[in-house]
Amino acid sequence: MRVPLSWLREYVDLPATETGRDVQAKLISAGLEVETVEQLGHDLKGPLVVGQVLTIEELEGFKKPIRFCTVDVGRANGTGEPQEIVCGARNFAVGDKVVVVLPGATLPGGFSISARKTYGRTSHGMICSSDELGMGDDGTKGIIVLPPETEVGRDAIELLELVDEVLDIAVTANRGDCLSIRGVARETAIAYGLPLRDPALLDVPAPNAFGYPVKISEPLGCDRFTARTVSGLRPEARSPIWLQRRLQKVGMRPISLAVDVTNYVMMELGQPLHAYDRGLVQGAIGVRRAEEGETIVTLDGVERTLHAEDLVITDDRGPIGLAGVMGGANTEIADHDDVEGATTDVVIEAAHFDAVSIARTARRHKLSSEASRRFERGVDPQAASAAAQRTVDLLVLLAGGTADAGVTEVIAPSAPHTITVPADHPDKVAGVTYGRETVVRRLQEIGCDVYGQDELIVTVPSWRPDLLEANDLAEEVIRLEGYENLPSTLPKPPSGRGLTHRQRLHRRVGRALAGAGYVEAPNYPFVSEQVFDQLGLDADDPARRVVRLVNPLSDEEPALRTSLLPGLLGALRRNDGRGSHDLALFETGLVFHPRAERPVAGHVPVDRRPTDEEIAALDAALPEQPRHVAVVLAGAREQAGWWGKGRPADWADAVEAARVVAREAGADLVVRKGRYGPWHPGRCAELVVVADGAEQVVGHAGELHPRVLKALGLPERTCAMEVNLDGLERAGDDTPQAPGISTFPVATQDVALVVDKPVPHAEVEAALREGAGELLEGIRLFDVYENAEQLGDGKKSLAYALRFRAGDRTLTVDEASAARDAAVALAAERTGAVLRG
Ligand code: TYR
């Protein structure tokens, strides 16, 4: 929600010295996420004045038509003489009032204006478009034509309210009340301890029997409908500048007076409104569910086929609006340009629709509007009649209409929501002693009625439909008292240690990859299923078996990932597309595999802790979720410079990344030639570990297949690595802590073993490790040697350095040799290794 500070000040008497940033800080501390404060016109400098076009001369012989104009700017130019200005726009005529910027002025963006020669004439300034003034889109491409009554020579910076500050607030889904200036003003008033001038406090005439007839057939979808009518609007009436400017500042486009007024009131009070051309509505207005297959053409010109759940507004012939989402074309207000057929009489709707129903309709028709966004998040039902009244008042004032005496109000009565809460509940939740008095005062500040002593009976205000239970009230007290005032105490971990083994490994891997020059790029876990074709996976690849979401965020990505590559490669492509070509990214995260059989999820109790069996049943119903680590690389791995020529990333870098990860997991990684869909067949390594005595492929690394690069639009020679971190960890050293540091010296013993070529190094190493026993501190393969003459056909020699050390004594040579012999003996037994003489 965009909130101009000038508008906010209308309802709260903020000290004049308060800046947008000050208000931002206050609101953030009250829990509203004010993302930015936009400074409008901060670099703008006059003279910028209202002028009247006196003459227009068309200059011939140029590529595009050009006009040479004289403009009366009053005494603003010091002489009172007409200002001579060259202008390329054509949407104005002699007599029109326009905005003129004079030499010496500076426009937004630091664009300074001086007299200059152009098209063979001298232009003493410029006639401005709204774009040039940084006003945003006004729907026209040309220059601004001001209302005829605007005074010549007047300062346009002030007239157009060009200098302002606009707070941009990311309103959370529960705070629909803050999608209005009224709501934000209320929060501001509370934050500053100032009174609020509530714009919804208006005198509204009582409903009577001669209002426009309305019939609600679906009270569950619509519990309130106010209808008012205004007649005799002047067809030529346009929205005044102040109204247009406010709409622009909140991000809406001025359209026509009646529409602008309904939008303005929606922004002011948070109540969506709709204006129907009364001359086009046939008979009574109704609210009902649509008939399956019924159609309506909405205001955006799209014909929509309705679903039996959609709520519609109807007249005698059928739907005239998609309730709470968008009006229908058949009753649309005619634009003021079209004076003949222009709308003179309107019916105004201010209704309250069911949030879930509107949300579903908006989603179903992929039609999210300012109105639907508000209804989905909760609109104050009590504001409807005030909003209708405000609309009527503005139409009378600005369009010279007459408010008809008829007032229709159809209301399904409902009791206000009441919550019972112990007065010390917020204290318990926050671990702070606020005390009853503070709790009551804070709840009253947000508009609650509070009764009772130890047990409070709280009636929540109509504009806060999000307050449902005791914890919601606790949250209100806590946020207004300030989250920053909560003492921070670390929760006590059960084991007395900070992080779990898993968390520590996760961190170590992240740090090690960052140390190797990779940047972390976390992605959403959602993927499209086409991506598996693009990655070149076989039809029966297990990675194609996905968990599909019942309610995906985006229809394009309805599945949970089984690999980190789609997300990372997408990030790589986007960065590459924006001009960053040397990229090394990594991600650590869960992937999801459906269970072979789909067990039925257990029931989750809400009133007590689930038992161990219940937890186990729930776990079993979840997909399997191993942790993966992946990297992607493209462009230069090392930059060129005085230090060297630089070097492009290649497949060996991807393999090295796997080694970095394996080292952190304490796993011995075997890297051998592999073949797997996404990778280039000649440049693919298979990553293998030995766990529980069996070899296990835990991932792949190398350069991606050219077909994959093409399908995904990736740069040439993109490399990637993906490995199952849980698999690595299982194969790893399972002592999570670093071994104690011994101050006694190390004893090194080298052994060279001859084995059959296919015997993997990892198996030999595992046997050595086990055979060597406790004294072994480390083991490293330092040589692999093949020579048929010396070793025999089909044999290879693996040379290892074994490091022995004891924590409490210096080892004797005999002790170290005995441990080495035991290691060799087990390797001989397990792998047929023979000690090389
Ligand atoms: N007036 C707005 C529109 O036509 C929003 C709106 C739509 C308000 C439908 C209410 C309604 O029932 O888009």
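Heads up, the Cβ atoms here are built off N, Cα and C, so glycines get one too.
TrEMBL: automatically predicted annotations, no manual curation.
Going by TrEMBL, these are the annotated features:
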BINDING   Asp466, Asp472, Glu475, Glu476  Mg(2+) binding site
DOMAIN    42-157  domain 'TRNA-binding'
DOMAIN    414-488  domain 'B5'
DOMAIN    742-836  domain 'FDX-ACB'
Mind tallying the domain 'TRNA-binding' (42-157) by DSSP state, helix then strand then coil? 2 helix, 47 strand, 67 coil
On a simple 10 Å Cβ count over all chains shown, which one of the binding-site residues Asp472, Glu475, Glu476 is most densely packed? Glu476
Could you tally the C-beta atoms, other than its own, that fall within 10 angstroms of the C-beta of Asp466 (Mg(2+) binding site)? 17
Tally the residues of the domain 'B5' (414-488) by DSSP class, grouping H, G and I as helix, E and B as strand, and everything else as coil. 31 helix, 13 strand, 31 coil
Neighbours of the Mg(2+) site Asp466, Asp472, Glu475, Glu476: Cβ within 8 Å of the Cβ centroid, same chain, sequence order. Asn174, Arg464, Leu467, Asn471, Leu473, Ala474
Can you break down the domain 'FDX-ACB' (742-836) into helix, strand and coil residue counts using DSSP? 38 helix, 32 strand, 25 coil
Would you report the average pLDDT that the model assigns to the domain 'TRNA-binding' (42-157)? 90
